[in-house]
Amino acid sequence: MYPSSSSSFLSSSLPPLEALKPEERGLHLIQLLIKCANHVASGNLNLADECLCQISRLASLHGDSMQRLAARFASALAVRLVKNWPGIHKALNYDTKQPKLELDRACVIFTKAFPYLSFAYAIIAQTLLQAMSAERVIHIVDLGSADPKLWAPLLQSFAALPDGPPHLKITCVHSNKAVLEKLGPKLVKEAEALDMPFQYNPLNVSLRELTKDMLKVRSGEALGFVSILNLHVLLAQDDQVDAQFRPKKSNIDVKDCKQMGEFLGMVRSMSPKVVLLVEQEAHHNSNHLVDRFIEGLHYYSAMFDSLEASFGGLSSSSEERFVLEEMFGREIENIVAWEGVEREERHERYAWWMVRFCEGGFKPVRLWLDSMEDSKKGYKIITQRTSLMICWNERPLYAVSAWTC
C-alpha cells in the first residue's frame, strides 16, 4: 500500500483509469515520464516517487506499445534512483548486462522478425561487392556482428564473379567465444561448397581490446571493415555528467572521445578500401539526463510501435516479443540509469558520425542497393546525405554509411 500522502496525491491528480482512452493514457504517460525524469535529474526523490506511483497504475509490460514502453522507462528511472543507495542496489542483484546466450537469442529473433538488419545486410553486401570485385585477395574484418546471414550470401556473390572467386579472409571480432565457434564451421562449409579459397580468423576480444597486430593484415590484401550496431560502445568514457536539461549550443555538438579517435586512427592506418557502419539513428550520448531521456522516448516509441505491428495488438503475449522488449529495456536502462564507462549505449545520429569519420581522415563513399520491395508494410529506406536510412514509417531508426581513406 502506498503512503497516505502519495495516495491523496494520486486520487486528486489522476482520472479514473476506465475514463482514459488509449490515446489519452499514452499522452498522460509521456507527460508523467518527462515530469519524473526532471524530478530524478534534480534530485527530488519524493516527487519522483509520486510520479512513478502514477505511472505504475497506467503502464504495463503486457499492455499496448505505449504502456510497455512506459514500463521500461519507469523501471530505468527507478534503477537510477536506487543507485543512490549502493548497498540496496547491490542487494537487489541488478545486472547491467543481459546474459550472453539470452542476448544472442534476442538478436536472432530480431533479425528474423524484422527487416531492419536484412536491409542493412543487403546494402553492406552490395557495397562490399562493388568495392572489392576487382580484387583477388580480400580481407574483411567483422567488428562484432558474427551473423552468418550476412556473410554466407556474400561468399556466394564473390564466388559468382566473372573472373572466379577471390581468396577471402574474414576476421570476426567478438567477445563471446561460443558465437565465434558457431560461425566458423558454417562459413568454412559454405566456402567448400562454393570451391572458394577461404580463411576464417576468429578474435575473442572486445573492440576496446582489439589491436592492429591482432588483425594480421598482410601486404596485398584489399581490406574492409564492417561494424553493425557496435562501434558506439567505444564512446563510453568517464565524461562530465550534467543531469539537468540545458539547451544545446548547436544542432551538432560532437563530444571529443579519445578512445574513438584512437580506434578510427588505427583503422585508417591500415588503408582500408571501405569501412561500413550501421548505427542507431538517435542521439543518446548527451551528458544531460532529461535530454537523452526525451530522445530515447521518441526513438523507442517508434521501435515499440514496430514490435506491436509485427507481433499483434494489446492481447499479444508472445514470448519472442517479450525477449525483444527485454533487450530494448536493457538498452533503455543503460541510457537512463548509468553514467561514465558503464553507459555504453551511446547511440549517435549519422550527422555526428560523419563529423567523427571526417575528422579521422575518412570520406564518404557511395552505398549500393538494388531496388527491393519492403518485406513488410511500414518499412522503407530513404537517402539522407550520403547515408541510407532504414525507417519505420517516416522515422529513421538505423543509418548505414560507407567510408574510405
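Note that the numbers count up from 1, one per residue, in the order the chain is shown.
Every residue gets a Cβ built from N, Cα and C, even glycine.
Going by TrEMBL, these are the annotated features:
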type   : residues : note
MOTIF  : 138-142  : motif 'VHIID'
REGION : 182-214  : region 'Leucine repeat II (LRII)'
MOTIF  : 231-235  : motif 'LXXLL motif'
REGION : 337-405  : region 'SAW'
What residues in the same chain, six or more past the boundaries of the region 'Leucine repeat II (LRII)' (182-214), come closer than 8 Å to it by Cβ-Cβ distance?
-> 143-144, 146-148, 151-152, 155-156, 158-159, 165-176, 230-231, 233-234, 259, 263, 266, 269-270
The answer for the motif 'LXXLL motif' (231-235), taking Cβ pairs under 8 Å and residues 6+ beyond its ends, is 143, 206-208, 255, 257, 259-260, 263, 277, 279-280, 285, 344-348
Tell me, what is the mean pLDDT of the motif 'LXXLL motif' (231-235)?
-> 97
Composition by DSSP (helix, strand, coil) of residues within the motif 'VHIID' (138-142) = 0 helix, 5 strand, 0 coil
